[in-house]
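Novice: Annotation comment: Swiss-Prot describes 193, 194, 195, 196, 197, 198, 199, 200 as ATP binding site, evidence class sequence analysis. Feature annotation from Swiss-Prot assigns coiled coil to 96-112; the stated evidence is sequence analysis. The annotation domain 'RPW8' is assigned in Swiss-Prot to 1-149 on the grounds of sequence analysis. Annotation comment: Swiss-Prot describes 247-414 as domain 'NB-ARC'. As annotated by Swiss-Prot, repeat 'LRR 1' applies to 549-575. What Swiss-Prot lists as repeat 'LRR 2' is 576-599. Residues annotated as repeat 'LRR 3' in Swiss-Prot: 650-674. Residues or ranges marked as repeat 'LRR 4' by Swiss-Prot: 722-745.
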C-alpha cells in the first residue's frame, strides 16, 4: 500500500469537488446528492491536508484505512466523469444517481467511524508523549524552584466553588456536547428548564468550553434575547458575526428566548450555522433539547448550607431535620435554594421552624415551576423591613435585562418612600446581601464623594417576575404599582377597560414604542408619585394625563432607540408643581426661554445621551427662576453641549456633573456664583483646556474630578484657596505641574492620579501628612455601549 502522502499527492479532494460542482450545476437528477457530497468532502478536506503536511508518520493500520477512503473518493471521481460524459437527457443518469447514493453512504459511514477512531488513536498517542514531557518539565521546574527558593503563589480562578455543584454543571455540559457531536447535521439545539434552574449558567460555560470552541474553531456568539427583544441590535450583532469573511461552521447561542416568534425571526438570520436556544419553553426538537436537571437532595443540601452557614452541611448543634425540610420544599431549584438560604443566614432554629411551617402551606411540587418559585421567593421577603420589601417590589417598574442606574433607583425610593439617600443606599446593600439584586462591580462603589455615578444594579428575571406577580394580585384600579411587564405597541387592554374609575397607583411604568395623540386614552392617576416612560422611537408624544398627576415627584423618560427622540406635549409640565426629580435619556431637550414654566420644587436633573442644543446657552434671562431649588445636575454623553453660561446662574447647585461631553472648551467665569457647590465632576471632557480662577472661590467645594480631561495642563494658581477640598480625581490628565498654593489644601485627604503625576503630590504630602496618594490603574471599558 502506498503511503498516505503518495495517495493524496494529486489532491484528489480538490479534483473531486470541482467535478461534483459541475454535476450539481448540469445534471438535475444528481444535484441533491452532489451538493451533499460537496459539503461532506469540504468538511473533511482541512483534516486531510493537516495530516498530509504535518510530517507525521502514520501506522500501517491507518495507512490501510486511508487507502480504502482514497479508493472510495477515486470511484466517486470516475463516476462524476461518466455522468458528465452522458447527454443531458440520458436515462443512465438515474443509474448514476443511485451509484452516487451508494458512494455517499460509504463516505458517510467512513467519516462517522474511521476518522473518529483515527483522531482518538492519535490523541492517545500524543497524550502518552505529552504526559512524559509534562513529567520531565515538572521535575525540571521543581529542581529550579528549589534552587531559587521561589515563594508559593496562588491563582484565583472564577468558577463554581462547590465540587458537587461543579459536577452537576459538568454533567449538563457533557450531555449538550454529546447531542452536538452526535447530530452534526442538525442546526438547532436547545437548553430548556424552569426559571432559576441554571440554564444561562450552563450556556455560558458551554460558550467557553474547549471542546465546543474547538468544534466551531472559536466562532461562538452569545446573545441575550429577553422578553422584549431589541431585534435591530440582535440582528446587527448576528450579521457582523456571520459575515466576517470566514466561511466555516459557527455557533450562535440565544439565551432567554421567550417565544417561538422571537426564535423564528432570529433563526431566519442564522441560516447555515448552528444555534443553541436557551429558554423556559421547549423550542427545539426533543431529540436535540437538553432539559436542565434540578439538583438532587444532597446537592441541594450542599448549596443551601453554603448560603445559610457558609459550609456544605449544617453545623453540629443545629437541627438538621429543619434544614432538610427547607431543602425538600425548594424542590432542587438552585435560585430558590440560594435566595432562601441567604434569608435564613444567622437565624435561630425557632425562626427556621416558622419558615418551614409557612413553606409547607405552599403548593405541592408539580409542573407549574414559576408559581412555586414565587411562593418560595415571597417567603424570603417576609423577614424584610416593610419599606425594603416595597423597594424590592418597586424594581418591577424597570425593564428586564437592563442595568438600572443606582442614582435613578435611589431617587425613586427617596421620593416614593420619604427616606434620605443614605437610607436608600443601605436598602440597596440589604437587598444585595439577600441576593435579591446584584450590584455591578465598580471599584469606587460607596465612595462618600462620588455618590452613585457610574454604578448600576441588575435583577434576575425571576425576581422581577416575582415583583410583578405580587404587585398584580389586586384589582387593577387598586394596585399600588401599575406596571407593564414588557414592551407593547399600546397600553394594556385591562387598563382601558377600567379607565372610567380612578387608579390608586403610586408608581406607573409604561413600556411602548412610538406613541402619538391617538394612541393614548385618558387615565385618572391622582395618587401617582413616580412615572417611568420607556419607549423606542424617534418621536414621542407625552401622555396627556400627566397634566392631571398633581402629586408627581419623579418623572423618568428613557428612549431605548438608536437616536435621540423628539418629545411633544411639554405644556403638561405646567401642572407638575411637586416634581422633584427629572431623568431624560436619549431625547432632545427643549430650549429654555423666559416663558418656560418654573419648576420650583425640582431638585435633580439627569440628562443622559441627550441633545441639549441651546438649552444652557441663553443669558437673556435668569435660569435660577426656572429651577430655584435645583441642587443636583448631571449632563452625561451630550455631544452637542458647547457652553455652560446659564448653568452657573443656578446658585442652589450642590452637585454638578458634566461628563463625556467632548465639545466643552471652558467653564464660564460666573462659576463663583455657585457658592454652595460641593461636588464638581468634569470627567472625560477632552477639549477642556483650563479651569477658571473663579473655581478657587467656592468655599464648600469638597470633591473635584477632572480625570480624562486630556487637554487640561494646569490648575489655577490660587487652587490652594479651596480650604474644604477633600478629594481630587485627576487620572489620565496631562498636568505639567502643580501650583505652589496646593500646599495650603489642609483638608485634602485623597488624590487619585497617574504614576507620572504622583511624584508631584509626594512633595505636597510633606506638608499635608494625612494625604493619601492613589496611583490609578489604567482601565479601558466600553460598558457604556450597553446603556
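Glycine residues also receive a Cβ, built from the backbone N, Cα and C atoms like all the rest.
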Novice: Any residues 6+ beyond the ends of the repeat 'LRR 4' (722-745) with a Cβ under 8 Å from its own?
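Specialist: Same-chain residues near the repeat 'LRR 4' (722-745) but 6 or more away: 449, 678, 683, 695-696, 698-716, 751-754, 757, 760-761, 764, 767-768, 776, 778.
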Novice: Would you mind listing the long-range same-chain contacts of the repeat 'LRR 3' (650-674), meaning Cβ under 8 Å and 6+ residues beyond its ends?
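Specialist: Result: 451, 453, 623-624, 627-644, 680-692, 694-695, 697-698, 784.
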Novice: Including all protein chains shown, what's the count of other C-beta atoms within 10 A of the C-beta of residue 196 (ATP binding site)?
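Specialist: For residue 196 (ATP binding site), the count of other Cβ atoms within 10 Å is 25.
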Novice: Once near-sequence residues are set aside, which residues in the chain of residue 193 (ATP binding site), 6 or more away, have Cβ atoms under 8 Å from its Cβ?
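Specialist: Residue 193 (ATP binding site) has long-range Cβ partners 199, 280, 291, 292.
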Novice: Can you count the other CB atoms that lie within 10 A of the CB of residue 200 (ATP binding site)?
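Specialist: Residue 200 (ATP binding site): 19 neighbouring Cβ atoms within 10 Å.
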Novice: Which residue counts does DSSP yield for the repeat 'LRR 1' (549-575) in the helix, strand and coil classes, in that order?
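Specialist: Here the numbers are 6 helix, 10 strand, 11 coil.
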Novice: Quick one: give me the count of other CB atoms within 10 A of the CB of residue 198 (ATP binding site).
Specialist: 22
Novice: Is it possible to get the count of other C-beta atoms within 10 angstroms of the C-beta of residue 197 (ATP binding site)?
Specialist: 26
Novice: Give the residue counts of the repeat 'LRR 4' (722-745) per reduced DSSP state, in the order helix, strand, coil.
Specialist: 5 helix, 3 strand, 16 coil
Novice: Would you count the other CB atoms within 10 A of the CB of residue 199 (ATP binding site), including those on all shown protein chains?
Specialist: 23
Novice: Take the coiled coil (96-112) and average the pLDDT across it for me.
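Specialist: That region's mean pLDDT is 78.
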Novice: Looking only at the repeat 'LRR 3' (650-674), what are its DSSP counts of helix, strand and coil residues?
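Specialist: For that range the per-state counts are 5 helix, 5 strand, 15 coil.
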